[in-house]
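The next block holds one structure in the form of structure tokens; read it before the comments.
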Amino acid sequence: MLNKLFKDYNIVLGSNSPRRKQYLTDLGFSFTVRASDIDESYPEELVREQITDYIAKAKADAIEILHDNEIIITSDTTVWNNHTSLGKPENRDEAYTMLKSLCGHEHEVISSVCLKSKESVSVFHCITKVSFSDLSDEALYFYIDQYKPYDKAGAYGIQEWIGLVGIDKIDGSYTNIVGLPTKELVEELLKFIKN
């Protein structure tokens, strides 16, 4: 259905994330991938969704639009916990520290998406609240060692083992936690092509 609605557009995913690729495929889009490596640092005065909005737009700005009918989709996700943005852990110790800080508490997963064409740019974000169980150190190290969550904000993938045993409650979009709020993406894309 969506492929027909967007038949006149070339959808470009500006990400190498296997999860984002899978979601666009599952939605029925035909798309190409054209990602760019950018410096994901941001001005230190930014907080929460300001951070992910900024990085999602920077990712889109780094990709050249080649055709008039292209729509570039980029996204950035962070975990916001105790007034701190948790990005991707660099090593086992950092992954453990991040996961331990989430245990027994509620945090927010924030994803921003940038839609960009030759004529316009739109950035939106989605916030999901997630409550983690108070997992043992043994469980945390098992997860880290088995799943190597070094490519995931907050050091976890909800679709993996830790999501099956460690999540008490989700308030909001599940797909947002994985890295791309699909329902919101479709709604925003439909608005984007009407403007």
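Easy rule for this one: first residue shown is 1, then count along the chain.
Every residue, even glycine, has its Cβ placed from backbone N, Cα and C.
Listed in TrEMBL:
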type	residues	note
ACT_SITE	Asp76	active site, proton acceptor
SITE	Arg19	site 'Important for substrate specificity'
SITE	Thr77	site 'Important for substrate specificity'
SITE	Gln159	site 'Important for substrate specificity'
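This view paints the features noted in TrEMBL onto the structure.
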residue : record                                     : Cβ contacts under 8 Å, 6 or more apart
Arg19   : site 'Important for substrate specificity' : Gly157, Gln159, Val178, Gly179, Leu180
Asp76   : active site, proton acceptor               : Glu40, Ile51, Thr52, Ile55, Ala56, Lys59, Ser111, Ser112
Thr77   : site 'Important for substrate specificity' : Thr52, Val109, Ile110, Ser111, Ser112, Ala153, Asn176, Gly179
Specify the secondary structure state of Arg19 (site 'Important for substrate specificity') as given by DSSP, simplified to three classes. helix
Suppose we draw a 10 Å sphere around the Cβ of Gln159 (site 'Important for substrate specificity'). How many other Cβ atoms does it contain, all chains included? 14
